Amino acid sequence: MKLKLKNVFLAYFLVSIAGLLYALVQLGQPCDCLPPLRAAAEQLRQKDLRISQLQADLRRPPPAPAQPPEPEALPTIYVVTPTYARLVQKAELVRLSQTLSLVPRLHWLLVEDAEGPTPLVSGLLAASGLLFTHLAVLTPKAQRLREGEPGWVRPRGVEQRNRALDWLRGGGGAVGGEKDPPPPGTRGVVYFADDDNTYSRELFEEMRWTRGVSVWPVGLVGGLRFEGPRVQDGRVVGFHTAWEPNRPFPLDMAGFAVALPLLLAKPHAQFDASAPRGHLESSLLSHLVDPKDLEPRAANCTRVLVWHTRTEKPKMKQEEQLQRQGRGSDPAVEV
């Protein structure tokens, strides 16, 4: 037993001596742990540098916000609105004028369906604070809706829109406001805004830089949630519409704007009062542009910024009853 323990102790001693000698030999060899240590140290240095940069950025004052262009540098938006006498006319025009007042560099062309200017419209324009031109032209009797006819039977506002185009081209004849049309070379865009629609002011900034004809969807029109162009890779490739989709330009009047220089360069382009139902817009646009060259706006025609709303025709039963009794509302009070 003693011999065996002695042998074990001797073996342990020899192994320990061998291990010690190996360790002493390794002390003189180059260490391969230096590269990882250097890499870790560099990472720490880069992090310290980034923290110092972020701290310096926080101490630096924020940059001044970008200044929007001066209004004088913006192209003018010429908004053409036909209007006619009815109970809700003033209410519609007040709503529209207050939207337009939020848009810089805008010129309102308000065209009455009348032989001359009416006091209601003249007074509203004078009080609007807008740059405006007041025009008037009476729709010929043959083009007027007959009693009981639905509104879609005959195109409306044709003479009035064409009268505005004539003024822009130097035709004159304004009955109020700015009498002189824009001089040659004026940068601008023309938009046909009916008085019974609802407009986001964003829409006008979308159209301002139109080069030819710009387009976007219109909400609540054509029996659909919205109607408008279909866009692929930034190009108009078709139209989302339910009624007569093979029209040259199946667009609503509120769904496009035209660059002023293009309109002036095409003096014969106008709306055709004899156009078939739904083709009124096409009767103008066909003279100006090919469908493939339309310029999609409103996030590639994925945002609705104008709605084809209509004010309900007021029911006047109580008014008529009071009138029969000689107690009707004072006609001198403008509604």
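Backbone N, Cα and C atoms are what each Cβ position is placed from, and that goes for glycine too.
Keep in mind that TrEMBL annotations are predicted by a computer and have not been checked by a curator.
Listed in TrEMBL for this protein:
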type: ACT_SITE; residues: Glu281; note: active site, proton donor/acceptor
type: BINDING; residues: Pro82, Thr83, Tyr84, Asp113, Arg156, Arg161, Asp194, Asp195, Asp196, His308, Thr309, Arg310; note: UDP-alpha-D-glucuronate binding site
type: BINDING; residues: Asp196; note: Mn(2+) binding site
type: COMPBIAS; residues: 312-322; note: compositional bias 'Basic and acidic residues'
type: CARBOHYD; residues: Asn300; note: N-linked glycosylation site
type: REGION; residues: 312-335; note: region 'Disordered'
type: SITE; residues: Glu227; note: site 'Interaction with galactose moiety of substrate glycoprotein'
type: SITE; residues: Gln318; note: site 'Interaction with galactose moiety of substrate glycoprotein'
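Shown on the structure are the features that TrEMBL records.
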residue : record                                                             : contacts (Cβ under 8 Å, 6+ apart)
Pro82   : UDP-alpha-D-glucuronate binding site                               : Val111, Asp113, Arg156, Gly157, Gln160, Arg161, Asp194, Asp195
Tyr84   : UDP-alpha-D-glucuronate binding site                               : Glu112, Asp113, Ala114
Asp196  : UDP-alpha-D-glucuronate binding site                               : Glu92, Thr309, Arg310, Thr311
Glu227  : site 'Interaction with galactose moiety of substrate glycoprotein' : Pro217, Val218, Val221, Phe239, His240, Thr241, Ala242, Pro250, Leu251, Asp252, Gly255
Glu281  : active site, proton donor/acceptor                                 : Phe249, Leu251, Asp252, Met253, Gly255, Phe256
Asn300  : N-linked glycosylation site                                        : Val231, Gly234
Gln318  : site 'Interaction with galactose moiety of substrate glycoprotein' : none
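Counted within 10 Å of its Cβ, the other Cβ atoms near Thr309 (UDP-alpha-D-glucuronate binding site) come to 14, all protein chains included. Per DSSP, the secondary structure of the compositional bias 'Basic and acidic residues' (312-322) breaks down as 6 helix, 0 strand, 5 coil.
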